[in-house]
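S.K.: Pasting a structure below so you can have a look.
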Amino acid sequence: EVKLEESGGGLVQPGRSMKLSCVASGFTFSNYWMNWVRQSPEKGLEWVAEIRLKSHNYAIHYAESVKGRFTISRDDSKSSVYLQMNNLRAEDTGIYYCSTGFPSWGPGTLVTV
């Protein structure tokens, strides 16, 4: 069974930083691209960042709205993906989810700026 478990959210002041984590299980983590997405009432579901595989040199892509502020990373040995968020803004408020090529979602973690 594929499981994704996000953590690290909370209440943070504008301009501050926060790091989110996601632990995956039930599949070979190192074989899958990983994404962070977020959901808010204002913008709906919004893609945030993507990190590819070791064989792709861990290529990374970001949404324009977070480029230069957010950093995605992964640790295949821990089946985990991370999102370091700096210089947070009110518009970054939302529920953050990690996702991959399965129709499975974790509970998400709420970030309130």
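Each Cβ is built from the backbone N, Cα and C atoms, and glycine gets one as well.
According to Swiss-Prot, the record shows the following:
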DISULFID  CYS22-CYS98  disulfide bond
DOMAIN    1-113  domain 'Ig-like'
S.K.: Looking only at the domain 'Ig-like' (1-113), what is the mean pLDDT?
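M.R.: It averages 96.
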S.K.: Taking helix as H, G and I and strand as E and B in DSSP, count the residues of the domain 'Ig-like' (1-113) in helix, strand and coil.
M.R.: 12 helix, 55 strand, 46 coil
S.K.: Return the count of C-beta atoms lying within 10 angstroms of the C-beta of CYS22 (disulfide bond), excluding that atom itself.
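M.R.: I count 26 other Cβ atoms within 10 Å of it.
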